[in-house]
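Each remark here refers to the structure printed beneath this line.
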Amino acid sequence: MECIGTGSDVECVVPLTDRESKVVGKFAGRAMKTSGWSGDMASSSDRGQTILDNKNNPEGVVQVSVIDMVLETLLLISPFFFWGTAMVAMKGVLPKAGPLFVASFRLIPAGTLLIAFASSRGRKMPVGTSAWLAIALFGLIDASCFQGFLTEGLRKTSAGLGSVIIDSQPLTVAVLAALLFGETLGPIAISGLGLGIVGLILLEVHSVIVLGKSEVGQWTLWDSGEWWMLLAAQSMAVGTVMVRWVCQYSDPIMATGWHMVLGGLPLLALSVWQQDPALSGHIQDLNINDWGALFYSSLFGSAISYGVFFYNATRGSLTKLSSLTFLTPMFATLFGYLVLDEMLSGVQLAGAVVTLVGIYMVNLKIGSETQDKVD
């Protein structure tokens, strides 16, 4: 099992069985015909798209139509679309529901769905004190802290900008992996780290200048949404590194599902204690669009995006996946503008671009090394 940083959640390459991959593949959409799946796909006459003529093509080269290529591309980028747009959906419903309620709602239904899926596929439940302790700690850091910090930050910053900062977690993962596991950082990764740090400083400088001027004598770092997002990114980075340890005791998919559920429960309790609007007599204020946003962020922004990512990863697309992480903040920024009228200042835009370039360089290096291990 290998893990790479790809955006709004911990993403790891989980070795799915053929049966599981078929289920996820059907759930995600029809994919291009590949060597490991040709026997499970519909015939070419039914699809009318993929053509393999053994007589005219003795070398067995698969010819793919434009429609197949479009479907393949959509399948590849869909997790990043879901993660980016989930940020927008969450921000839109935060004022009515409350940050901790939104955080818990994103985790618990998605985790329950993943546990049900894993159970239906015959995956083993965690057994023993060590397994449950590992999952509980994983849930506290990667679920409770990550989603709690994220939703608090989302109250005070834009979805697009927040997504850029969250997506910076591979920078921390690269450093932690070098310190804890002895993984080497080449010139490309080191340069990417430097650019990423410069970009994050530019993003935070804007917050300090603008808010500091508007709230002289009152503003603190905790009033910065970017600061909360940076804390969320660090929580996610530590969680990513913990995955290797957690999966020594439990099935990866089971651990993912249970860490969501266990991590969501403290957030739900804090939501009650903090009297978030949704749990303090105002749940009736949530309309159908608000509930749609909540379920979208949980099901599509967590459970389904995991399933599609696992499916793509099992098909040998690790380098592509790691190099496409920049799409998450791009989708978040685009839909934040279209749905929420969010705008980035010049300094924020410059910081976002520099940060994304740094992330791309680090992820490209990590993705290449991971692909070499798989090959």
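Any Cβ shown, glycine's included, is placed from N, Cα and C.
What TrEMBL says about a protein is an automatic prediction, not a curated fact.
According to TrEMBL, the protein has these features:
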| type | residues | note |
| --- | --- | --- |
| DOMAIN | 74-203 | domain 'EamA' |
| DOMAIN | 224-363 | domain 'EamA' |
| TRANSMEM | 100-119 | transmembrane segment |
| TRANSMEM | 131-149 | transmembrane segment |
| TRANSMEM | 161-181 | transmembrane segment |
| TRANSMEM | 188-212 | transmembrane segment |
| TRANSMEM | 227-246 | transmembrane segment |
| TRANSMEM | 253-273 | transmembrane segment |
| TRANSMEM | 293-311 | transmembrane segment |
| TRANSMEM | 323-340 | transmembrane segment |
| TRANSMEM | 346-364 | transmembrane segment |
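Mean pLDDT across the domain 'EamA' (74-203) comes to 88 in this model. The largest share of C-beta pairs under 8 angstroms with the transmembrane segment (161-181) comes from 346-364, of the ranges 131-149, 253-273, 293-311, 346-364. In terms of DSSP secondary structure, the domain 'EamA' (224-363) contains 116 helix, 0 strand, 24 coil. Counting same-chain residues at least six beyond the ends of the transmembrane segment (253-273), those with a Cβ under 8 angstroms from any Cβ of the stretch are 10, 14, 98, 100-101, 103-108, 110-115, 117-118, 121, 123-126, 134-136, 138-140, 142-144, 147-148, 243, 246-247, 279, 302, 306, 310. Under 8 Å from some Cβ of the transmembrane segment (131-149) lie the Cβ atoms of residues 10, 99-100, 103-104, 106-107, 228-229, 231-232, 235-236, 238-240, 242-243, 245-246, 248-250, 255, 258-264, 266-267, 270, all in the same chain and six or more residues away from its ends.
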